[in-house]
Amino acid sequence: MQLARTLETLRKTVATLKSDGGTLALVPTMGALHEGHMALVARAHEVADHVAASIFVNPTQFGEGEDLDAYPRPEAEDCAKLDAAGCDLLWMPLPSEVYPQGFSTTVRVEGVSGGLCGDARPGHFDGVATVVAKLFNQVMPDVALFGEKDYQQLAVIRRMACDLDFSLDIVGVPTVREADGLALSSRNAYLSDDQRQRAAALPKALSEAADTIIAGGDVGVTLDTAIAKLEAAGFTPVDYVELRDADSLVPVTRLERPARLLAAARIGRTRLIDNIAVVPV
Ligand SMILES: Nc1ncnc2c1ncn2[C@@H]1O[C@H](COP(=O)(O)OP(=O)(O)OP(=O)(O)O)[C@@H](O)[C@H]1O
Ligand SMILES: CC(C)(CO)[C@@H](O)C(=O)[O-]
Ligand code: BAL
């Protein structure tokens, strides 16, 4: 695996990789890699000839008081995992390669960036869209892969890629979960043993609510019940539990076409997110 830390090295390495006429996939990450990330790399090998990953803990998507400094950065382990997974290139830019002196541009995707995590983390999706636009222009992949775990992020990136005419495919990859249903996340490392046990209430509440809604249960009542279950498990505050259209992310009060049930809640100092498909039968 080639490691690039400057744009000059990146461009040379990408040109060499693509010189055989093969396609290139990009898996953007913030590192602290787990099996969820590795599922994106595995899928990338299926959809492209060459695979690049990026690791960059992007400061502009963290709000004030969030965990930018505490975010785990196990660089050597991450490199070893990507190498073992057959990654051809790791783009691990120096911050000055992403945000050089005088950087003044923001990419804002209206609509899908609003509500849900957009309300709880003001400016977060501006930071995500801006850095992902930069990563696309830097690596110039033919396809980029993102996890459904960050469902609103995936919708924001799809909208941005379409609106800004990025000439690449966006592939969403299903959420990889622990045996008790908890979605793998780098932030799970912050959980104490007790919090980790309680955290399984999040996927459980979503799955029970999805079943109730599919069976014809009232959406408002069902969402309130899910919130109460999360609070009983020790989540506080529950930022949201909402049913949205699966494509547009517009709020849904009746299940008439494929929808997505999304939630975010804090347990101790850790904010967890999750979502599940809710499809009418
Ligand atoms: N459990 C998972 N299953 C599938 N994809 C995942 C999973 N967790 C993260 N991803 C995807 O990996 C990519 C990189 O995510 P990131 O590096 O932020 O990891 P993370 O575990 O989501 O970390 P965080 O705790 O910051 O949310 C994103 O596209 C994200 O959706
Ligand atoms: C897409 C991303 C790499 C942009 O920093 C990040 O938001 C993430 O890891 O999901
Ligand atoms: N996994 C999305 C990145 C973030 O929470 O900042």
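Using the three backbone atoms N, Cα and C, a Cβ is placed for every residue, glycine included.
Automatic, uncurated: that is what TrEMBL annotation is.
Look at TrEMBL and you will find 30-37, 147-150, V176, 184-187 tagged as ATP binding site. Under 8 Å, Cβ to Cβ, and six or more positions away along its own chain, E148 (ATP binding site) finds L154, G172, V173, P174, T175, N275. DSSP assigns E148 (ATP binding site) to a helical segment in the three-state reduction.
Taken from TrEMBL, the feature active site, proton donor covers H37. According to DSSP, H37 (active site, proton donor) sits within a helical segment. Within the same chain, residues at least 6 positions away in sequence whose Cβ sits under 8 Å from that of H37 (active site, proton donor) are V27, T29, A53, K81, G147.
Per TrEMBL, (R)-pantoate binding site is recorded for Q61, Q153. Around Q61 ((R)-pantoate binding site), a 10 Å sphere centred on its CB holds 21 further CB atoms from the protein chains shown.
The beta-alanine binding site feature in TrEMBL is assigned to Q61.
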Most crowded position, judged by CB atoms within 10 A, among M30, L33, V176 as binding-site residues: L33
Binding-site residues near ligand 2 among L33, G36, E148, V176 (Cβ under 6 Å): none
Number of other Cβ atoms within 10 Å of the Cβ of G36 (ATP binding site) across all protein chains: 21
